[in-house]
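Enquirer: Below: one structure in structure tokens.
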Amino acid sequence: MSRVYNFSAGPAAIPEEVLFTVRDELLDWHGIGMSIAEVSHRGEEFIGVAEEAERDLRELLAVPESYHILFLQGGSRLQFAMVPMNLLANHKKAVYIDSGVWSNLAIREAKNYCDPHLATNAKELNYTGIPDQATWDMPNEAAYFYYVDNETVNGIEFPFIPDTHLTLVCDMSSNLLSRPFDVSRYGLIFACAQKNMGLAGLTIVIVHDDLLKRSPLPTTPSYLQYALHAKERSFINTPPTFAWYLAGLIFKWVKNQGGVAVLAERNQRKAAKLYKFIDKSNFFDNPINPTYRSRMNVIFRLADERLNSLFLKEATENGLANLKGHRLLGGMRASIYNAMTEEGVDALINFMGQFEKRHG
């Protein structure tokens, strides 16, 4: 069997060690004669899996006991609506940063429920960075302050936590578990699983208990209420059990790697060496302000875009898969989440160097 280096933005690469465990356990999980995918979500087997996954994630991120961790369905995009539905309360305004594609979609969704106030707009910089925080327009009152920590399409990542007195809400779909951060600075964090935590179909929400006391908008369906999910411990109905199980295996893998801090150092090395190569090249280019360059999603363009198809074809032939950029931006994108090895990044750099020699 020959596996390729998978640079997909999501669903993304899963650590091989985790895949081997899934393979070994798939038909007979822990000697019960069934797959974990077949057991009842309310049986002791899966309840144990679910509780252990939550404990491990809480430990990895140092999540205080004053926060609930929810394992939900619907993908992160559903959170674009659930956040205002549950957190607006009596407010008419919420603060957003437009930093790229995913924050822009969240803002558009929020307009169905409130007046989203833009603190700043990276469009002014052609989405190559974030305007200086000293220039942000911050109201004194609003229901919450929302931003996307890492924009997968635009290749922008926040190197800091925004300074605000408002309740901080963050979409960490593409970089949760990639570096340590202070959970207590946030009111709510959410992340879909298919970047750093396994399979599409699972979204993790970390929410402070105080926010669960806010009254949802009257039109909010009961199934979309955080408080009800918290009360039922994410078991209102059948959860995505296999995705939850796989996320738990990945949490174990992160612990075995040495924890989030160790992965953060590795992620920094991977990104730094790829950006260093691109910056030295006269053939490849990355337009993002170095301060805001994503460690997870490295976008780049070829000097001659007529060679794009050839680049992708030869990359695939060399075991480097899914490097095509997002349809909205074009170009190339190497997504180097936690599961991408340093060897994979080295292989990409070597291929890019050889391609430049032949076509530059």
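Residue positions begin at 1 at the first shown residue.
Glycine is treated like the rest: Cβ placed from N, Cα and C.
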Enquirer: For the pyridoxal 5'-phosphate site that Swiss-Prot assigns to T152, D171, Q194, N237, T238, which of the candidates W29, W102 is also assigned?
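Expert: Of W29, W102, W102 joins T152, D171, Q194, N237, T238 in the pyridoxal 5'-phosphate site that Swiss-Prot records.
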Enquirer: When the number of other CB atoms within 10 A of each residue's CB is tallied over all shown chains, which of the recorded positions R42, K195 has the maximum?
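Expert: Compared across R42, K195, the most Cβ atoms within 10 Å surround K195.
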Enquirer: Rounded to whole angstrom, what's the largest C-alpha distance between any two of W102, T152, D171, Q194, N237, T238, listed as binding pyridoxal 5'-phosphate?
Expert: 31
Enquirer: Can you check which residues sit near T152 (pyridoxal 5'-phosphate binding site), meaning Cβ under 8 Å from its Cβ, same chain, 6 or more apart in sequence, and list them in order?
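Expert: Sequence-distant Cβ neighbours: A9, G10, V101, W102, S173, S174, K195, S294, M296, N297, H326, S335.
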Enquirer: Quick one: what's DSSP say for R42 (L-glutamate binding site), helix, strand or coil?
Expert: coil
